[in-house]
Amino acid sequence: MVWEVLLYMYILYSPDWHYRSTMPIFLFLYGAGFATAHAVFRYGVGFKVHYVVLCLLCTPRMYKYYIYTQDVLAKRLAKLFLGTLLLGSLVGVCDRVFCKEISRWPINPQGHALWHVFMGFNSYFANTFLMFCRAEQRGWSPKVVYLLGVLPYVKIEKPKSQ
């Protein structure tokens, strides 16, 4: 999860980074350092707080890309990203808080499994939206298209000179 957000940070902030070669190195070292510390010390709440802080650092820039994007389908990807994030978070919190009560129901909705489903889609929509943004940054004429009319992906047409 942390590696994914570090990738988001690279995509979102690299156009304005003054020393471009240092950003990927810094993000890699940061991620490796955090992964090592997490493996040794087993952060529980600390991991979640760290993840939320990293996500909050991405939010203003992602919003900037959202408002500057003219493509309606790309904006829909960003809305799907936000919607699945909110639904996944709601399901995850409810599963944690009401676990004992829910487990007594005749049919268990499997909140943790639903959290994984929503967060998986969340990750996909975020990556796809940011792929669109990155392709726009590079001048590659991206388009959002749908596989079988259901699954959105980004089709990129690079200029011949690249």
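Cβ atoms are placed via backbone N, Cα and C, with glycine included.
Database features, via TrEMBL:
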| type | residues | note |
| --- | --- | --- |
| TRANSMEM | 21-43 | transmembrane segment |
| TRANSMEM | 80-98 | transmembrane segment |
| BINDING | His112, His116 | Zn(2+) binding site |
| TRANSMEM | 113-133 | transmembrane segment |
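Cβ neighbours of His112 (Zn(2+) binding site) (same chain, under 8 Å, six or more residues apart in sequence): Gly92, Asp95.
Cβ neighbours of His116 (Zn(2+) binding site) (same chain, under 8 Å, six or more residues apart in sequence): none.
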